[in-house]
Amino acid sequence: MKTTKKRTNIKNKSKINKKVDKNESLLISGLIILFASIFLLIFANSDATGVFGRWIKSGLVYLFSLGYNIFLFYLLVIALVLLIPKSRPFAKKLIISLSIIFLSLLIIFDSSTSLMSSFSAHVSQATESAGDLASGGLIGGVFGFLFYRLFGGVGTVIILVIINIINIYTLTSIKRADIIQKTDDTMNKIQDGIENSVEKIKIKRQEMRNKKIFSSDDIFNYEDDIRTINSESDMNTITNTNDINLEGFDDDFIDIKINDSSNTKNTEAVDKKEDDLKAKENPKTDKKPKTIKKEIEKTQKTEETEDNNEEIDIEKEIHKEDIVHYEFPSLDLLKEVEVTNISSKGKEIKDNIKIIQDTLNNFGVDAKVIGVNSGPTITSYEISLAAGVKVSKILSLSDNLALALATTDIRILAPIPGKSAVGIEVPNKNKDTLLLKEILDSDEFRNLKSKLPLALGKDVTGNTIISSIANMPHLLIAGATGSGKSVCINTIIMSILYKARPDEVKLIMIDPKVVELNVYNNIPHLLIPVVTNAKKAQFSLNWAVQEMEKRYQLFAKNNVKDMQSYNELDTITEKMPQIVIIIDELADLMMVAATEVEDAICRLAQMARAAGMHLIVATQRPSVDVITGTIKANIPSRISFQVSSQIDSRTILDMSGAEKLLGKGDMLYYPSNLSKPIRVQGAFVSDKEVKRVCDFIRNQGEANYNQDAVESISTNNTSQTMQDDKDDLYDEAVKLVVADGQASISYLQRKLKIGYSRAARIVDQMEEMGVVSGYDGSKPRKVLIEEEDLENLYGESGEGLE
């Protein structure tokens, strides 16, 4: 027995030792293959490994050609299989499967080699094409000849696909029956879970319903009274228990009570409850039916009130849910950012540094370039001046530096704010296009909490320039045609659409040029349709003034100072949205109604910030008759694109510099919190991108215009305007004309003792109001109304003629 045990132990030990030796050998083999694959990968793909590296690469290319890098990856995978303990038992199976896949790829690579008549010729051609990475190498040529000779091109592909499907199926060892069984089990679990959830919901609903019905103690007293009445009545005279009708109880409740009393399963519970009620001998059982009816009606009213409140809450939740489910447009709707050539820009910067230093030294200015900031279109060179060198001296060399750098215009910033250096801004020869997607995809835009973002572009240092319109609080934009002003307005609107829901921000767009902002029509963010008529634009601004005053009255009534505090109140039913008024061309409005437009803009600029209303005013011609001193004083934040003259630059910025801008989005951004403007390259967004975003927003819902505003603007027609602007002597002139039955300019001149121009204007007004006929050559004008018609005609104006 002892001898047998010893033999068994010896056999077990030998098996364990063999197993350990096998694992060690696999581990060592894996390490050798891993180091060999890394070694070959480095030497085959690097030019710094000398002659030996080129020999190794030539050998691999000769054997595998197009698949030599795949072979190195194949070795790495085999090494990992041998090194990972869990995969060692399947190492042989995995290596065979991977070898079949690799060999199939080499045969497919060999398809580019023309099939020769003999084996040696085909292999020779495959090895000759290996150097050009146009075949499967020696291995691919050998197996490729056999497969293509036996099965042809199409047959080889079919055979290889079948072999690899079987190979992968064997490798994974997953049976179809197991998949079906697992799928069935999963579906059964899902079905059981759904059924259980539905059953729980039904039970919970029934419990809530019962709880709602039986929550009042009075109802149990009514039940006791009903039983008492039924016990005292002659039960033989009752033919149908379902005919019982009590106010305050619906049919379902009565059915439940009858079924409970007649159900044999619940008889014990009902008897027990009746015994308890009898034992208490509650005096309320002697109530009369009238008292019961009154209390039931009271309970019914309470329940109806609760139901109405629940319906209101549900409507609020549904409205809130609609707002929450508003989907912001995706950045995929915008054009992708283009990749820039950094190497060419670096060479250009080095050359410019040398040119600037040499030019300054030639004119006796001791200076040195100490820093460079490269932007999309402008590169800023920071110049440090030696002691005793005047700043004015480098400013006088502006034209000489531009000539030396072979550029149109340069801008010298002397000194750079916050630095002891002079800045020379030079246009890049190879300009980069800055797209809006790059700005909106930045961390600065994502982290901005304001619902009124101002996404402009990047400065000369490459920093993203993003601010908030609410902090400005109004913005004035100027720029000549083609300078990028309209694109800037589009980027501002798009940044708002990407940040704010329609219930948070409303837009009023005034576009006298008709075609610039028409693409935004019918988006839900619009408060009114895009205004293209100059007169309606004036009425829109007047409505905005009235809305501002209305908001301030609400603030005073609720003892708050601004819109944010008002929206935080718990007593309000609807939050106020912020309103942004965008005017694309101010010059056209000033030509039509300069005084009215200027007054409205000034009132809004002075008072509208706290009411959550902000102005963005743009113009092509920043002259003093368009941007008046009053408008400039009330709109502190400015953006200037390229303008035609230094005078226009001083009008918009109160300093020169805008006339030297490059156009195409090159701007000077001058917010109210900065002492000097900063140069920014504006982001570009195309019309197609704007249309895609607007179509996406429109597909979520139609525009919900403010009907009060639309009606208020539309009712301000020409007759109302004439009534407001009519001459002081107009009423008297109408009385004279109607009384005498004639109307002419000379007649009014004599009767009213006024000049020709004023008399002609009064006659024109009477013609527009339908008092007299139109001009008909030498024939006199006809009076179209009688004396008795005066009251009917002017009674509605509030200033009727007597």
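Each Cβ is built from the backbone N, Cα and C atoms, and glycine gets one as well.
As recorded in TrEMBL:
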TRANSMEM  25-44  transmembrane segment
TRANSMEM  59-83  transmembrane segment
TRANSMEM  90-109  transmembrane segment
TRANSMEM  146-166  transmembrane segment
REGION    264-309  region 'Disordered'
COMPBIAS  268-303  compositional bias 'Basic and acidic residues'
DOMAIN    462-650  domain 'FtsK'
BINDING   GLY479, ALA480, THR481, GLY482, SER483, GLY484, LYS485, SER486  ATP binding site
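Positions of TrEMBL features highlighted on the structure.
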residue : record           : Cβ contacts under 8 Å, 6 or more apart
GLY479  : ATP binding site : LYS485, CYS488, ALA618, GLN620, ILE639, SER640, PHE641, GLN642, VAL643, MET667
ALA480  : ATP binding site : GLN620, PHE641, GLN642, VAL643, SER644, GLY663
THR481  : ATP binding site : GLN620
GLY482  : ATP binding site : GLY663, LYS664
SER483  : ATP binding site : PHE641, GLN642, VAL643, LEU661, GLY663, LYS664, GLY665, ASP666
GLY484  : ATP binding site : PHE641, GLY663, LYS664, GLY665, ASP666, MET667, GLY682
SER486  : ATP binding site : GLU516, ASP584
> Other than its close neighbours in sequence, what residues sit by the transmembrane segment (59-83), given a CB gap under 8 Å and a spacing of at least six beyond its ends?
Replying inline: 26-27, 29-31, 33-34, 36-38, 40-41, 44-45, 90-91, 94-95, 98-99, 102, 105-106, 109, 126-127, 129-131, 133-140
> If you draw a 10 Å sphere on the Cβ of LYS485 (ATP binding site), how many other Cβ atoms land inside?
Replying inline: 26
> In which DSSP state, out of helix, strand and coil, do we find SER486 (ATP binding site)?
Replying inline: helix
>> Around the ATP site formed by GLY479, ALA480, THR481, GLY482, SER483, GLY484, LYS485, SER486, which additional residues qualify by having Cβ within 8 Å of the site's Cβ center?
In response: GLN620, PHE641, GLN642, GLY663
